[in-house]
DNA sequence: ATGACTCCCAGTGGGAGA
C-alpha cells in the first residue's frame, strides 16, 4: 500500500460545436453527462458580446472566449479558473479568431480551430500553410515554458489514410494533402503525441461526418479532431476516446467530441 | 455528379464548411 498522495486523473476534451448559439443546450447536456475538467470549443460563431458566459458559469464552468461574427470563434471552459490566457498565435497576426490558450491545473491547454483550406490550389490553402507555420513556431515556444502541454481542436487534417473513410477518393484532397500531413508530422516532431493512437481503437474511427448523403448513418467520415500531448504528459495518458453520441442528437454538430484522460 | 446538409447573413439567394 502506497502512502504517496496521488493526483486525481483529469479529463480534457475538444468539440467543434458548429455554432454555440444552436448547440448550447447540447453542450450543457454533454457536460452534465461528461464533467470534464476542461473543454475547448471551436466554431462558436459568436461575437464576444453574445457569448453565453452566464449559462456556462451556472453549469459549473469558468470560461474564456474569443470570437467574431459569422465564422470561427473558440472558447476554453474549465472547472478551475484558467490563467495566462492567450488569444490567437503569438507572433502570427491573424484577422480570424481561431486559438485560445490557458493554464489549467498546471497543464497548458491550447485549443485551436485550424483553417479548413478549402482546396489545395486556393488562397485559403496558402493561408492554412502560413497559419500552420505560425502555430508550430509558437507551440515550440510554449513547450519550453510549459512541459505539460495539450494541443487540441479541429485540426482539419486527417493524419493518415486510416483516418479517412475512402482514402482513394480523398487522396490529395483537402485535409489529406501531403503538405497538410507534413504539418501534422511537424507538430509531432515537437515531441507531441496523437493521444488517440496511444490506444487500440475501433477501425473506422472518425470525428466528423458530412451532414450530406447520410454520411453518419453509413459511417463515412474523417478523423480530423485531435488531442496532441507533450512528451512529459504522454506516460500519464490512460485513455483517449471519440464520443459519437452527440452526433446522434437532433440538429447535431457535424463533429464529435474527443476526450483524453491524464493521470 | 459542379449535388446532397447546415449555419450564417441576408432578404425570397449565396458563401463557407469539410
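Cβ atoms here come from the backbone N, Cα and C positions, even for glycine.
Predicted automatically and left uncurated, TrEMBL annotations should be read as such.
If you check TrEMBL, you get these features:
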- A:13-255: domain 'Endonuclease/exonuclease/phosphatase' (DOMAIN)
- A:16, A:43, A:154, A:156, A:254, A:255: Mg(2+) binding site (BINDING)
- A:113: active site (ACT_SITE)
- A:154: active site, proton donor/acceptor (ACT_SITE)
- A:156: site 'Transition state stabilizer' (SITE)
- A:225: site 'Important for catalytic activity' (SITE)
- A:255: active site, proton acceptor (ACT_SITE)
- A:255: site 'Interaction with DNA substrate' (SITE)
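Location within the structure of each feature annotated in TrEMBL.
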residue: A:16; record: Mg(2+) binding site; Cβ neighbours (10 Å): 25
residue: A:43; record: Mg(2+) binding site; Cβ neighbours (10 Å): 23
residue: A:113; record: active site; Cβ neighbours (10 Å): 25
residue: A:154; record: Mg(2+) binding site; Cβ neighbours (10 Å): 28
residue: A:156; record: Mg(2+) binding site; Cβ neighbours (10 Å): 22
residue: A:225; record: site 'Important for catalytic activity'; Cβ neighbours (10 Å): 25
residue: A:254; record: Mg(2+) binding site; Cβ neighbours (10 Å): 18
residue: A:255; record: Mg(2+) binding site; Cβ neighbours (10 Å): 25
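Counting only the Cα atoms, the space from the residue listed as 'active site' to residue A:154 (Mg(2+) binding site) is about 5 angstrom. Distance noted between the C-alpha atoms of residue A:255 (Mg(2+) binding site) and residue A:225 (site 'Important for catalytic activity') is 8 Å.
Within 8 Å of the centroid of the Cβ atoms of A:16, A:43, A:154, A:156, A:254, A:255, where the record puts Mg(2+), the same chain has further Cβ atoms from A:18, A:42, A:113, A:208, A:224, A:225, A:253. In this structure the alpha carbons, written CA, of residue A:16 (Mg(2+) binding site) and residue A:225 (site 'Important for catalytic activity') are 8 Å apart.
Across the structure, residue A:154 (Mg(2+) binding site) and residue A:225 (site 'Important for catalytic activity') place their CA atoms 4 angstrom apart.
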